[in-house]
Amino acid sequence: MQETIQALMGAYGNLAVFILIMVENLFPPIPSEVILTFGGFMTTCSDMTVPGVILSATAGSVFGAILLYLVGFLIPEETLKKLLEGKIGKLLHFHPEDVEKAREWFLKKGRSTVFFCRLVPVIRSLISIPAGLSRMPFVPFLVLTAVGSFLWNTILVTAGRIAGNSWERVSEVLGVYSDFILMFGGGAVVLYMVIHLLRNKK
């Protein structure tokens, strides 16, 4: 996949950045850290610029987030859960319980969750659905998504440019960060379930 990403960006520049990041929002297994750090590296050896890559990536992030927001806003929750139980859920690596947990978290933490989740791998995509399900006003959602995405994209693109030929090392470190987030999230869910069971026994 990494070779395909590099080939597309080498051929189509910022347009490829926009499309790849938009798809990454809809299909989380596509690694945004590879796209963004390689984009930063490309600014050192092509006519691509740091502002251009950042803005293209942010536009892609926002567009993808809007699509997921509309999914949550327009599709009834029960219908959405049934869809995620089938092939669509497997393809997108989304599960019905993931949406429910994200929605509960969203309702507890409030709108600021949209901003902070844009800085967290995997969850950055998922949070848009509960925002739509909860009927979060569109303009605040759009602003928080854009600002959070801009910050995340700026950090990764800048890191890729500074690293230069060593951009892959930066991508690897960020990949470890993503894995840590996933493991921590899974551990938190298990801990919550254990505590919940112990309380019920009492």
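Along the chain as shown, the residues are counted starting at 1.
Including glycine, each Cβ sits where the backbone N, Cα and C put it.
Nobody curates TrEMBL annotations by hand; they come from automatic prediction.
Features of the protein shown, as given by TrEMBL:
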TRANSMEM  12-30  transmembrane segment
DOMAIN    30-161  domain 'VTT'
TRANSMEM  50-75  transmembrane segment
TRANSMEM  138-160  transmembrane segment
TRANSMEM  180-198  transmembrane segment
Chain residues in Cβ proximity to the transmembrane segment (50-75) (below 8 Å; excluding those fewer than six residues from its ends, i.e. six or more beyond): 14-15, 17-26, 35-36, 39-40, 42-43, 83, 99, 118, 125-126, 128-136, 138, 141-142, 145-146, 149-150, 152-154, 157-158, 161
Segment confidence, the domain 'VTT' (30-161), expressed as mean pLDDT: 82
Cβ-Cβ under 8 Å with the transmembrane segment (138-160): same-chain residues at least 6 beyond its ends: 21, 32-33, 36-41, 43, 50, 53-54, 57-58, 61-62, 65-66, 69, 111-112, 114-119, 124, 128, 131, 167, 170-171, 174
Within the domain 'VTT' (30-161), residues counted as helix, strand or coil by DSSP: 105 helix, 0 strand, 27 coil
